[in-house]
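Colleague: The coiled coil annotation in TrEMBL covers 339-371. Annotation comment: TrEMBL describes 583-609 as compositional bias 'Low complexity'. Among the features that TrEMBL reports, region 'Disordered' is placed at 575-617. The repeat 'TPR' feature in TrEMBL is assigned to 399-432, 665-698. Positions annotated as signal peptide by TrEMBL: 1-40.
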Amino acid sequence: MSPVRANTVRLSGSVPGALRSLIFAAFAMTLILTPNAAFAQDGGVRSPFSAGGGLRGIAMGGAQAAIVRDAEALDWNPAGLALVPRTGFLLSRTSYFGEEITESQAVGVVPSWRWGGLALGIRHLGVSGVEERDGRNQVIGSDLGASTMQVALGFGRQFGAWSVGSAVDLNREQVAGSGATGLGLDLGIQVRPYDALTFAPEWLEGVSFGAAWTNLVEPSLRLDQDTVVDPAAFRFGCGYERLGVLGGLLTAALDIETSRVTDTRVFTGLELRIHPALALRSGIGRHGAAMGAGFQYREFDIDYVLEETDLGSVHRVGFAYSFGATTEERREAFVTHQEEALQERLQQASAQREQERIDELLRQTRDLRAAARIEDALATIDVARTLAPDRVDAIELEADCWMDRGRELESHDDFTEAALAYARVLTLVPDHASAIEAQSRVQAESDRIAKRTEKLRERFATSMDAFGRGDLLTARSGFASLVKENKKDAEAKDMLRRTEEAIARKAGEHVSQARRLLARNLLEEAGDEIARAKKLSPELDGLAAAESDLARRRSDRVLRDAGVTSSTTLGVDAMASANSNDGTPAAGSSSGSVGAETSGRAGVSSRSGAGAGASGAKLDPAELSDLYRRGIEASQASRSEDAIRYFELVFSASPGYALVRDNLVREYLTLGMDRFAAGELDGAISIWQRALQVDPDDEKARGYLERALRHKNRSQEILGSNR
């Protein structure tokens, strides 16, 4: 036998039949005919639904004004609809002392992170089997019925720490064939003071306040001759949530309610969620003590309430189901989608600017070539090729420039340099017929002047080919052997000197790259660079220091992995602050921001905010959002320097904020290209090093930096060829 049925049997056995009918009829009239009676002895004028609905709230004594944040908010405080996390619905049905009096409720809620929460609910309370008697108290029927129904539509929206909501109630009552309808309006508000106040004490965290005005517009019902008004009521509540109480989440709530027809009432409630799947509840409300429990399994919730009333115990059971993504998940998905779309637009704008920049460089190259300023044309096209190494028209234009350079040198009888120029053409366009013919011509003339034998001509040509393709060790060996055999071979001597200089530059480039890698603790990659440098020039200045630093860092890593604190640190001071061979700061050094590194042109504050591991001033979410927004706006307006200033501030305070890392790297790349195209090679290299400091794995920044260093070496080679 169910608990509800057992209670009904006990009540039936203790009350005579006639008296039972009177009690039953009186109770039904209290529920139905007097809109404000409910179960309280308060003058009998309030609606039965004024006691609130939803099993969690009833189990907590009705103290819900400040803490309700689910579908039950439609009954207790519509402001709570703004905080509902997922779409869902709840269903409940209660029988009072038998099956003749039943209450049913269904509520569905659809939250939106952007607009707020919308809920629709239906409650129905019905009485059946009421005996009809005549003036002599004779039963003339037993099928009288009465019912009241409420349809409510509510909406709540959040404004920062504040939530507001309202609900429109359509009330319909029917008694013995007569009916009436009334319309009411409820308002509510909730606030979390810890989030609302700029400087809130820690103890306010978890505190919330709420207020609800029921029947701000009072529904009036007229069943017969008299009109009955459901009066307005005001409820104020406070709540407190705290984690860690008995290993769970404790929620305590207190509400105070007043209306013009009742005394001021106090409602209290407690909930202890001892496990994500189990919550225990208790409270003291309008009818007395109540207690209950909530059971959760995945998206399903089952709630049980035992409520004590003046006429006995009432057992309530309800079911709720939630589905779909949470409002926070949907908001994050939307923000991510918007960020991705914005990033795509910014990338497209950046790519377009890059294309325009390269087009301008190519135009300048053509103009310089037309003016017979071949050296300037070569320097300009080299910049364009550094930025766009695979662009076909740039490759062809560079080949044309080197052809012009070769002809110019050939006209001055500098056949060795002319041969190198034609070799560069063939490196760019291997099947260039004119270059093949010209190279053969100048090589033959060089051999004639140097009076080389056939064997020496082949060895000289082989060495020249090795030099042209970058095999410097083979070229050095070949030229050295030629000079050894014929000390009067001036061209071989000159090529040997140039090869030695190229080897020194190349080895120095490897050492500089090793220092940058060491500053980021990329030890294996740094070791590879040091090995390449050592192969080219074992006695190079700075190589021994780099090897020593690498060995020390490897030793520190072994000690750290073994749990031993080393006597040195992994960002060793000497290497972190040392300058590389190219005169630019090492990537891991705190040398200031972009503005300080590029002659102050960027206008960025001098600090190491964008450096790896930097810690900036603490910024609150509003400040971070504002700075990030300003950075995006500056980026969209092609103001890279301003964008970097804002993104550096955000990144230093919160490196993982939104897509600030990607945005900052992109702006570094863009500003570096601007500097590079303007001829500020060291400034561009420094900025691209900063990009790698923010994101060591960015392939584009790494590629730009490596090509810029090669460009610097090529420029030195071009200058060296003119001495």
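Glycine is no exception: its Cβ is also placed from the backbone N, Cα and C atoms.
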Colleague: Given a Cβ distance threshold of under 8 angstroms, which distant residues of the chain, six or more beyond its ends, lie next to the coiled coil (339-371)?
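Modeller: Same-chain residues near the coiled coil (339-371) but 6 or more away: 377, 380-381, 383-384, 387-388, 391, 393-394, 397, 400-401, 404, 632, 635-636, 638, 658-659, 662-663, 666, 669-670, 673-674, 677.
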Colleague: For the repeat 'TPR' (665-698), give the DSSP counts of helix residues, strand residues and coil residues.
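Modeller: Once the DSSP states are binned, the repeat 'TPR' (665-698) shows 27 helix, 0 strand, 7 coil.
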Colleague: Would you mind giving the whole-number mean pLDDT across the coiled coil (339-371)?
Modeller: 88
